[in-house]
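Visitor: Dumping what TrEMBL says about this protein:
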TRANSMEM  52-73  transmembrane segment
TRANSMEM  85-103  transmembrane segment
TRANSMEM  123-144  transmembrane segment
TRANSMEM  150-170  transmembrane segment
TRANSMEM  221-243  transmembrane segment
TRANSMEM  255-279  transmembrane segment
TRANSMEM  291-309  transmembrane segment
TRANSMEM  321-340  transmembrane segment
TRANSMEM  346-365  transmembrane segment
Amino acid sequence: MVLYEYVTQEQLAGFDKYKYSAVDTNPLSVYVMHPFWNFVVKFLPTWLAPNLITFTGFMFLVLNFVMLAFYDFDFNASAARHEHVPSLVWVAAAIFNFLAYTLDGVDGKQARRTNSSTPLGELFDHGLDSWACIFFVATVYSIFGRGESGVGVVTLYYILWVVLFSFILSHWEKYNTGILFLPWGYDMSQVTISLVYLVTAVVGVETWYQPILFHFLYRDLFTFMIVACSFTVTLPMSLYNVLKAYRNNSLKHSSLYEAFLPFLSPVLLFILSTTWVLYSPSNILELQPRIFYLMVGTAFANVTCKLIVCQMSNTRCQALSWLLLPMLVVVALAVTGVFANETLLLYLWTSAVILAHIHYGVSVVQQLSSHFKIFAFSLKKPNSD
């Protein structure tokens, strides 16, 4: 039984015609990771559903987020004169992160190996990837924290948005060109961060207090690499590919207005959340950074998933996500002081956003499973017994 039919009949018809098209030119991915994943997938049982592999990998990232939340809820643990996260936790974080990355790489190979590739599998994979952004970024933040040699919570908020927009660019590109250009930064970041977790376990967070050169700290390198990669590689390449399609009359949508329409909801989400940050009476981001990041990342994932559905079904992206309307009310209640307990308001709204996103995800998976006459987490066919 489908909870709610979010996917329209037009979109279901589009999914029936969908063909996967992607370009991966990253040397690390092509020459190192794909051969490794091809080796790993041979050890997986052929009865194991690809979506179960995808979901398990995602849950490793959630586990990292929860584990670091227990030891470093406010991102202060890495600061001087604070009790640091135990070394074994960083070892576990490294293992879980690399396992998540590996499972994300082998799920598609398992699908082809078991002849079970479907549009649902790709949607499920990329949908969870969009939500994984917040769990990954928040866990990495605990390495540096918000101390003197760390990164301020407001700075990290904007870094999070750089990561989120970098993620959506690939799917905006595919929405317009029909081809998913896989970003180089993903593979590099996953391998690097897994190693950084291990190094942190061995040498301690104090190592990251030291300047690399003069007064240039590791936290400055961390910030510079993320921002520089996004604005000098990811963004220019995405714009180039879309504008090239426009000049060649191969753009999948009728005008540049239609081409840029998917950015409306993410930009409005950024404006609303930033308004809350800047005009919060109680400085909510300083009080509850982890929960605020979780709220933003989950709301962003919800918006992104709807774009991925439109991209894969070759349908027009909806201009406005309904989730932004209640959020407008929530932000207004917060910044005007009408709702006095801002922390409580944030927790209530974050819970609502998470539940709404889970409801959306479960409903879409159920709907597409029913449409394609498959089980999401099993290779058995319905009514096959």
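From the backbone N, Cα and C atoms, a Cβ is placed for every residue, glycine too.
All TrEMBL annotations are machine predictions without curation.
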Visitor: Do any residues, 6 or more residues outside the transmembrane segment (291-309), come within under 8 Å Cβ-to-Cβ of it, and if so which ones?
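Guide: Same-chain residues near the transmembrane segment (291-309) but 6 or more away: 6-7, 11, 123, 126-127, 130-131, 133-135, 137-138, 156-157, 160-161, 164, 167-168, 171-172, 175, 262, 265-266, 269, 273, 277, 284-285, 315, 317-318, 321, 323, 327, 346-347, 349-350, 353-354, 356-357, 360-361, 364.
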Visitor: Cβ under 8 Å, sequence separation of at least 6 from the ends of the transmembrane segment (221-243): give me the contacting residues as numbers and ranges.
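Guide: Same-chain residues near the transmembrane segment (221-243) but 6 or more away: 140, 144, 151, 155, 159, 162-163, 165-166, 169-170, 172-173, 176-177, 179, 181, 183-185, 212, 251, 259.
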Visitor: By a Cβ-Cβ criterion of under 8 Å, what residues six or more beyond either terminus of the transmembrane segment (52-73) are in contact with it?
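Guide: Counting only partners 6 or more residues beyond its ends, the transmembrane segment (52-73) has Cβ contacts under 8 Å with 44, 85-86, 89, 92-93, 96-97, 99-104, 106-107, 110, 121, 124-125, 128, 131-132, 134-136, 138-139, 142, 145, 290, 377-378.
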